Every structure is written in structure tokens, then in C-alpha cells.
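Novice: Below you'll find the structure I mean.
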Amino acid sequence: MEGGIIHGGADESAFKECFSLTWKNPYVLRLAFSAGIGGLLFGYDTGVISGALLYIRDDFKSVDRNTWLQEMIVSMAVAGAIVGAAIGGWANDKLGRRSAILMADFLFLLGAIIMAAAPNPSLLVVGRVFVGLGVGMASMTAPLYISEASPAKIRGALVSTNGFLITGGQFLSYLINLAFTDVTGTWRWMLGIAGIPALLQFVLMFTLPESPRWLYRKGREEEAKAILRRIYSAEDVEQEIRALKDSVETEILEEGSSEKINMIKLCKAKTVRRGLIAGVGLQVFQQFVGINTVMYYSPTIVQLAGFASNRTALLLSLVTAGLNAFGSIISIYFIDRIGRKKLLIISLFGVIISLGILTGVFYEAATHAPAISSLETQRFNNISCPDYKSAMNTNAWDCMTCLKASSPSCGYCSSPIGKEHPGACWISDDSVKDLCHNENRLWYTRGCPSNFGWFALLGLGLYIIFFSPGMGTVPWIVNSEIYPLRFRGICGGIAATANWISNLIVAQSFLSLTEAIGTSWTFLIFGVISVIALLFVMVCVPETKGMPMEEIEKMLERRSMEFKFWKKKSKLVEKQNQSA
């Protein structure tokens with residue numbers, strides 16, 4: 001349980017108040033921004049691998065048409081993040097929030113160096129694991145540190161800056177990817193530059209204090225009070241200190257120890273259990289609605305939609321990353337105005353519609369793929385696709401059939417008179433690719449020419465615009481404020497670990513799913529999961545807008561998990577506002 005100050009009506013002007021308070025007290029903004037670089041690291045790693053993977057496939061032929069190995073390179077960072085998030089929960093409670101961030105920075109920097117120097121895919125995977133460890137720790141620590149070092153009335157807006165820096169990191173990674181497309185060592189630069197923000201945060205965090213609430217919980221009361229006096233105004237700080245003192249003393253009295261966390265009691269505690277249902281559920285659904293298929297594989301999805309070149313795929317993916325960053329800015333404005341719950345519901349409605357569009361577009365693209373021209377294919381008989389030459393009925397072959405050939409892998413060379421006309425199915429290697437390009441034709445290995453490509457980009461854009469302000473940022477905000485102080489580190493670690501496990505499942509299965517059942521059916525699955533997520537939010541997630549953290553705990557204590565579990569204002573808030 002944690003103390004806080006009641007601020008009636010803060011939700012109506014939170015965005016302006018955030019600017020006003022941070023302008024008057026830039027120290028608060030400095031705390032939020034420095035810790036938020038952890039979000040930048042998170043976002044950069046999510047985005048950079050999507051572009052780097054295009055060039056890793058070109059450099060390592062063992063990776064090029066090996067779907068499992070591509071998924072491994074992407075998902076090993078996620079596997080590392082699972083362990084990192086679990087370790088982060090322990091490190092946050094035992095060593096402190098700041099120490100956990102410093103550990104994350106060191107691991108991320110080490111991983112970036114290993115990846116940049118990797119001579120083979122195996123060492124690249126090792127580097128991805130180290131980066132994942134750092135990202136996992138940072139993902140749950142940064143919003144927690146910001147939340148505990150923020151005045152209650154602008155807590156949502158400041159924690160949203162972490163979400164903005166996540167999406168900003170993704171946008172930056174696409175810019176970096178695009179900048180290094182023509183530079184020797186392309187993907188090595190893309191992955192190695194990731195160490196710079198980690199080093200920057202490491203330096204900045206050495207100049208900042210530990211979380212005041214963690215310090216108070218560990219008995220370092222004078223240090224905590226000194227920090228709170230720098231964060232809160234003179235008229236609010238004494239009340240905040242008293243509330244925090246009362247909450248910590250109550251916890252110690254109830255639990256009998258300020259150090260040892262009893263996991264059985266944690267699971268039995270009504271407030272913790274209900275908080276975990278909401279917090280873990282949001283983190284799981286954040287991944288299962290498919291966001292990181294878009295962020296990890298965005299250029300690949302663009303190529304599946306019919307855009308052939310790596311550079312074009314990266315350039316168009318930059319648009320989705322920009323929309324993602326824009327959506328997080330929207331979240332900062334609305335999070336303390338309309339609330340967490342409404343933002344989630346609006347977000348999921350839009351996600352469902354967008355996934356419906358993507359399902360339809362990719363279905364139409366697959367069923368209208370250009371046919372294979374026997375004349376074009378056999379023009380160079382020595383490079384004709386072997387599976388095509390041995391097929392009983394070549395009239396049934398189209399571009400999609402060609403790309404599924406595997407003995408050996410084959411590619412599609414578009415018609416010289418137009419990409420929608422029948423083209424050639426040839427063996428996929430660099431010399432054949434060059435031959436196709438020398439005839440001013442397009443070479444496809446991951447998707448087919450399509451007149452529906454721009455509609456796919458529209459669907460991706462709408463998906464990002466709706467996802468980012470709600471499901472993109474709100475789960476991290478809710479998890480930073482919904483747990484009692486005593487269990488906040490461990491519960492945050494549990495929720496973040498659930499997020500990364502879900503992330504791993506999605507990242508390791510997306511390309512395999514698209515190969516097995518097609519891109520359209522894969523997006524349909526995400527759409528169905530999004531409907532389930534919407535129902536979950538409506539029933540299980542409380543509204544915590546503008547509420548001090550001790551009041552959130554009391555709300556969880558007295559309400560049952562039913563459809564009307566939340567209200568605009570709790571009774572305690574109304575009573576305290578009336579008596580103020």
C-alpha cells in the first residue's frame with residue numbers, strides 16, 4: 001500500500017498541469033526522461049531487428065530461407081527479456097529501482113557490442129540474448145521508477161513518456177536502418193548503435209537518486225524525505241510524507257517483516273490477486289493482439305504485401321513507426337483526461353477493425369497472385385524452378401506456389417510488361433536475381449506483386465494508430481500503479497515476464513504461421529484474440545485515473561471482479577474532496 005495526495009478534478013486538466021508542474025520543477029521531468037531512456041532501449045531493439053534481418057539474410061545464406069533461424073534471431077532477445085524481467089522483479093525489491101536500471105544498461109551495451117562483431121549467426125543469437133536481458137529489466141523498471149518519483153496528479157502523463165520513448169526508439173531504429181542501407185556492414189551498424197542510448201542512460205542515472213518510496217520502505221527515511229521535497233510542492237510534500245509513512249508502517253505491521261516476501265500470502269491477498277489478474281492479463285493481451293508481429297516483421301510484412309526491395313520495405317515501415325510514436329503522444333494527452341479503461345476500449349475496437357482489413361487484403365492478394373508463364377520460365381531452362389518443371393499441372397501455378405517451392409528455393413521474376421502479368425519462376429540465388437534486375441524486372445522471394453499492397457499499408461497504419469495510445473502504453477501504466485508498494489517490484493516482474501513470454505510465443509511463431517496457414521488467416525487469429533481482449537478489459541480492468549496509489553489498493557479490496565467493478569470516483573475520494 002502506498003500513500004498519496006487526493007487531487008480533485010485533476011483529470012480535467014492533467015495534460016496542462018503536467019506541463020505546468022514540470023516547467024516549475026524541471027527536476028521531475030529530468031527523472032522521468034532519464035529513466036524513460038529504458039523505454040527507448042526497449043523500442044529501439046524491437047524496431048531495429050526488423051530492418052537488420054533483411055540484410056542478415058543477405059549476408060548469411062544459412063538464414064535466408066530458414067524461417068526457424070530467422071525467428072530464432074528475433075525471438076532470442078525476447079527469451080532473454082523473459083529472464084531479465086524475472087530478475088528485474090527481484091533486483092527492484094532487493095537492490096532498488098536505480099540499481100536495476102544500471103544493470104540493464106550494462107547488459108544492453110554488452111549485447112550491442114557482441115552483435116556488431118558477430119562473425120556468424122550463433123554469436124549473433126548470443127548477443128541478442130544479452131540485449132534481451134537488459135531490455136527485460138528496463139521494461140518493468142523504467143515505468144516503476146517514474147511512477148514512484150511522480151506527483152499523483154501527473155503520474156499517468158509522466159509514465160506515458162516512457163511509452164513515447166518506446167515508440168520513439170522504434171521510429172529512431174527505422175531511421176537508422178534506412179540510413180545504413182548503403183553502408184558496408186549495414187546490419188552491424190544498425191545493431192551496434194543500440195549501445196549509445198544504454199551508455200547515455202548509465203551516465204545519467206548515476207546523477208539521479210533512488211526511488212523515494214523504495215528508500216522509505218528500506219528504512220532510509222531522511223533520504224526519501226529529501227527527494228520528496230524536491231518532487232512535491234511545499235504545500236503537498238508534508239501530507240505526502242505522512243501518507244507514505246502510514247502506509248509503510250501498516251504494511252510492516254500486517255506482514256511482520258519489511259524484507260521477506262511470502263509468496264503464499266502474496267497470492268492469497270485479495271488486492272494483489274486482483275491487481276495481478278488485471279496487470280498480467282493486459283500484458284499478455286498486449287502481445288497476443290499481434291503488435292510485435294508488426295514491429296519485429298514490419299518490412300517483411302510490407303514485402304509480403306508485394307513491395308519487393310529492401311529499401312522500399314524499410315522506407316514504408318518508417319511510416320508505421322512514425323504513426324506509433326504519434327500515437328504515444330496522443331496517449332500522453334488523453335491518459336489522465338478520459339482514463340485508462342476508455343482508452344483501452346477505444347484502442348481495441350480500432351485494432352479489431354484494422355485486423356479485419358488486413359485479413360481481407362492479404363486474402364485477396366493471395367487469391368489474385370500473378371500466374372506463372374511457361375514461356376518466360378523456360379526461356380532459361382537451366383535456371384527454371386525444378387519443382388515447376390516436374391509439376392503435373394503447371395497451369396495451376398501462380399506466384400504464391402512458386403515461392404513455396406523448396407527443392408531448391410525459387411523466386412518470382414515479374415513480367416517485363418507489368419507486374420500483374422504472368423512472370424517467371426526461377427531458382428532463387430544472387431545471379432538469377434541480378435539477371436532479373438538487369439532486364440528491368442522485379443524479383444520477389446517473400447511476397448508477390450499485388451494491386452492490394454497499398455491497402456495493406458492502410459491496414460497497418462490504422463492498426464498502429466489505434467494500438468499505440470491504448471494497448472501500447474496503458475498496460476505499463478496500470479502495472480506501475482495497481483500493486484501495493486511492498487509487492488510492486490515482484491508483481492511488476494511477474495507481469496513483465498508474462499508480457500515477454502507472450503512476446504516470445506508471437507515472435508517465434510509468426511513466420512511459421514504465415515507459411516503454414518497464410519498471412520490472412522494469421523491476422524484473423526489476432527483479430528479473434530483482440531475481441532477476447534476487449535471483453536477482458538471491460539470486465540477485469542479497473543479505472544485508476546487520478547487516484548493515489550493507496551486509494552487504488554482500497555478500491556481493489558472492497559470491490560468484486562464484476563462488470564461494474566470500477567466507478568468514475570471512489571467513495572473515499574469523494575468524501576475527502578468534500579471534507580477538504
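Glycine residues also receive a Cβ, built from the backbone N, Cα and C atoms like all the rest.
The feature transmembrane segment is assigned by Swiss-Prot to 36-56, 71-91, 106-126, 129-149, 156-176, 189-209, 275-295, 315-335, 343-363, 452-472, 490-510, 521-541, with sequence analysis given as support.
Burial and contacts for the listed features, if you can.
Specialist: Below 8 angstroms of C-beta separation, residues 41, 45, 56, 60, 62-63, 69, 72-73, 76, 80, 84, 132-135, 137-138, 188-189, 191-195, 198-199, 202 of the same chain, each at least six residues beyond the ends of the transmembrane segment (106-126), sit close to that stretch.
Taking Cβ pairs closer than 8 Å, the transmembrane segment (156-176) reaches residues 14-15, 18, 22, 28-29, 32-33, 35-48, 50-51, 142-143, 146-147, 150, 189-190, 193, 197, 295, 314, 317-318, 321-322, 324-325, 327-329, 331-332, 335-336, 340, 468, 472-473, 476-477, 480-481, 545-546 in its own chain, all 6 or more past its ends.
Cβ atoms under 8 Å from those of the transmembrane segment (490-510) belong to residues 71-72, 74-75, 78-79, 81-82, 84-90, 92-93, 136, 139-141, 144, 261, 266, 272, 275-276, 279-280, 282-284, 286-288, 290, 292-293, 296-297, 475, 479-480, 483, 522 of the same chain, restricted to positions at least 6 beyond its ends.
Residues 277-278, 281-282, 285, 288-290, 293, 340-341, 344-345, 348-349, 351-352, 355-356, 358-359, 362, 471, 478, 510, 513-514, 561-563, 565-566 of the same chain lie 6 or more positions beyond the ends of the transmembrane segment (521-541) yet place their CB under 8 Å from a CB of it.
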Novice: Establish whether the number of Cβ pairs under 8 Å between the transmembrane segment (452-472) and the transmembrane segment (71-91) reaches at least three, counting only pairs separated by 6 or more residues.
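Specialist: Contact between the transmembrane segment (452-472) and the transmembrane segment (71-91): absent.
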Novice: For the transmembrane segment (343-363), which partner among 36-56, 71-91, 129-149, 315-335 gives the most CB pairs under 8 Å?
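Specialist: Highest pair count goes to 315-335.
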Novice: Could you name the stretch, out of 71-91, 129-149, 315-335, with the greatest number of CB pairs under 8 A to the transmembrane segment (36-56)?
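Specialist: By the under-8 Å Cβ criterion, the transmembrane segment (36-56) pairs most with 129-149.
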Novice: Counting only residues 6+ away from its ends, which parts of the chain sit with a Cβ under 8 Å from the transmembrane segment (71-91)?
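Specialist: Contacts of the transmembrane segment (71-91) (Cβ under 8 Å, skipping residues fewer than 6 from its ends): 45, 49, 53, 56, 63, 99-100, 103-104, 107, 111, 121, 124-125, 128-141, 296-297, 489-494, 496-497, 499-501, 503-504, 507-512.
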